[in-house]
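Structure record follows, encoded as structure tokens.
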Amino acid sequence: MTDNDSEYIRQTEATRVRVLSEALPYIQQFAGRTVVVKYGGAAMKDSTLKDKVIRDIVFLSCVGLRPIVVHGGGPEINSWLDKLGIEPQFKNGLRVTDAATMDVVEMVLVGRVNKEIVALINQAGGLAVGLCGKDGNLFTARPQGQEGIGFVGEVSNVNIKILDTLASNGYIPVVSSVAADETGQAYNINADTVAGEIAAALGAEKLILLTDTSGILKDYKDQSTLIPKVDIREARELIVNGIVTGGMIPKVNCCVRSLAQGVRAAHIIDGRIPHALLLEIFTDVGIGTMILGSQFTS
């Protein structure tokens, strides 16, 4: 071993010790607290990123947090619709979900994507349980109300008992965003919305949305204009003033709604960064945008 090798090892080990030391107060602060993670975007498609997200989720559980995962699966839904000769259609950013499409959405989200995530968490040493809204009436649906979009729903009610029971016993609930209304009709619900409503119902410490952007940017073309922290009032103003636009609007609105119902902090982070979850939760600087409820800004 050369002197350069020895120096590199010393520096690497020193960095690891510093990172662990920096994480300790956050681990102590958040022990026993619930963190709802919306898992989607590139972090679901890239196998290397997927492995790191799964390991992060298991790490959260191992150090005493109570992670709950809500996942999307749009690209895989589109892939299966294509295989079955059904053309994906969208209206105002929402997937038009007729009866045939709803069958595919449920098959893919509940039967494939959910079970893959569960298996990966279990392989990484966690204890995951797969659920959708229909299981134990975890959450029920109502029509979204927009004409011409079919079985696209909103969350009507959340029953937290099953989540509390699982999380308090060391299990990691993995939730797909399919639910039924009071007649038993299945609905496709936006996964961000489901994550926000579950976080609100549980009074979660954090709602974290893994996205394909750095967070909220003052200039969406310039990654260096990341806004690291805002409160709920400032977040609303960013929408009104046109700083937050396009697909970021429903994500920020989802965060604002959950904060207004008692979630302490919401985070929009870049899931393309390896170990994004741990970097956001357990480091002083973080990597994305944190939105705080007005009662917690001090």
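Here the Cβ of each residue, glycine as well, is placed from N, Cα and C on the backbone.
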Gly73, Gly74, Arg95 bind substrate in Swiss-Prot, but which of Asn169, Asn188, Asn241 does that record place at the same site?
Asn188
Close in space but at least six residues away in sequence, with Cβ under 8 Å from that of Lys251 (site 'Transition state stabilizer'), the same-chain residues are Asp192, Leu209, Thr211, Ile268
Applying a 10 Å Cβ distance cut-off over all chains shown, what neighbour count does Gly73 (substrate binding site) have?
24
Taking the center of the Cβ atoms of Gly73, Gly74, Arg95, Asn188 at the recorded substrate site, which other residues in this chain have a Cβ no more than 8 Å from that point?
Gly72, Ile77, Val105, Val108, Leu109, Ser177, Ala191
